[in-house]
Amino acid sequence: MIEKIWFHRHPLGYLLWPLLWPFSVLFGVISRSRRKAYQTGDKPSYRAPLPVVVVGNITAGGNGKTPVVVWLVETLQNLGYRPGVVSRGYGAKAPSYPLVVNEQTPAQHCGDEPKLIFQRTKAPVAVDPVRSQAVKALLEHGVNVIVTDDGLQHYALQRDIEIAVVDGVRRFGNQELIPLGPLREPVSRLDEVDFIITNGGVAKANEIAMRLQPTDAVNLKTGERCAVSKLTRLCAMAGIGHPSRFFNTLRELNADLVHCQGFADHQAFDAAQLNQLAQQGDHLIMTEKDAVKCAEFAQPNWWYLPVSAQFAPEAEQRIVDKIKEVMEPYGSPSA
């Protein structure tokens with residue numbers, strides 16, 4: 001319901017306006033005061049001894065940050081740099097912090113997004129609610145540039161480049177601050193970032209257009225790859241910020257969909273729940289982010305759909321040029 005109020009002007013939103021508006025004003029005052037305290041030095045912030053690139057957004061919910069992080073890490077690796085990734089590990093609880101992710105780390109300990117990033121890139125990934133501690137853990141792993149997954153509003157960590165990801169379809173909803181609207185910060189905050197990446201929809205003049213390019217479906221048990229259109233009677237599920245985006249992608253791939261089930265972002269799943277869901281079709285298909293949480297109890301007819309961020313070559317070059325410019329003062333040449 002909150003999504004409908006934020007993005008679709010549901011009538012209930014007008015009824016709740018008098019109740020929620022004061023809290024949005026308070027949220028804005030606290031947010032601005034907190035940021036100013038970091039900017040003036042009244043609150044301490046950590047300056048890492050190597051470049052920090054933040055990938056985040058100004059709205060609550062999923063905007064496509066993780067594919068951008070994966071693309072950025074792979075791009076840095078291809079340039080010869082040694083990137084490490086910092087994440088808060090939303091929705092997870094590790095035995096201790098900081099946690100450096102490895103092949104055996106369960107998603108329940110590190111979070112679905114850090115696990116996905118590690119599996120896709122093999123770059124060092126450190127999880128800690130205090131991101132400066134995660135950075136310090138990565139320094140022991142020979143990295144020479146830090147990429148933070150989310151954290152645009154985590155001003156306790158100083159940064160060299162800011163990349164904001166925007167949902168090109170939903171944009172900023174009613175353009176109100178939480179809880180009346182989806183905004184973590186005012187839209188004007190985007191005037192200060194280095195790059196605005198627009199996921200889907202139509203990018204504006206100062207934005208970089210991104211599309212998510214799907215590949216073949218991958219079997220969770222065997223790793224077999226298969227065109228989505230060849231899988232019969234698919235039951236689709238998605239525990240992401242905008243499930244309908246995933247379902248629309250499947251339709252564009254001519255998927256034989258018999259049922260679509262959306263879940264909350266970062267939803268925890270169990271075998272019984274998904275076995276029951278899978279009975280509604282011949283195959284169960286999910287996002288790659290969901291797959292990292294379901295691999296331990298996956299069945300032979302469960303699949304996931306990987307997607308990769310794609311940009312126009314000139315847009316990629318703009319980002320690469322900025323990274324190289326920022327790396328120089330740190331004396332962090334590529335390996």
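Quick reminder: no glycine exception, Cβ is built from N, Cα and C everywhere.
Listed features, source Swiss-Prot:
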BINDING   T59, A60, G61, G62, N63, G64, K65, T66  ATP binding site
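Here the features listed in Swiss-Prot are painted onto the structure.
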residue	record	Cβ neighbours (10 Å)
T59	ATP binding site	26
A60	ATP binding site	18
G61	ATP binding site	17
G62	ATP binding site	23
N63	ATP binding site	25
G64	ATP binding site	26
K65	ATP binding site	24
T66	ATP binding site	26
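Other residues of the chain with a Cβ within 8 Å of the Cβ centroid of T59, A60, G61, G62, N63, G64, K65, T66, the ATP site, are N57, V165, D167, G241, H242.
In the three-state DSSP reading, T66 (ATP binding site) counts as helix. T59 (ATP binding site) falls within a strand segment according to DSSP.
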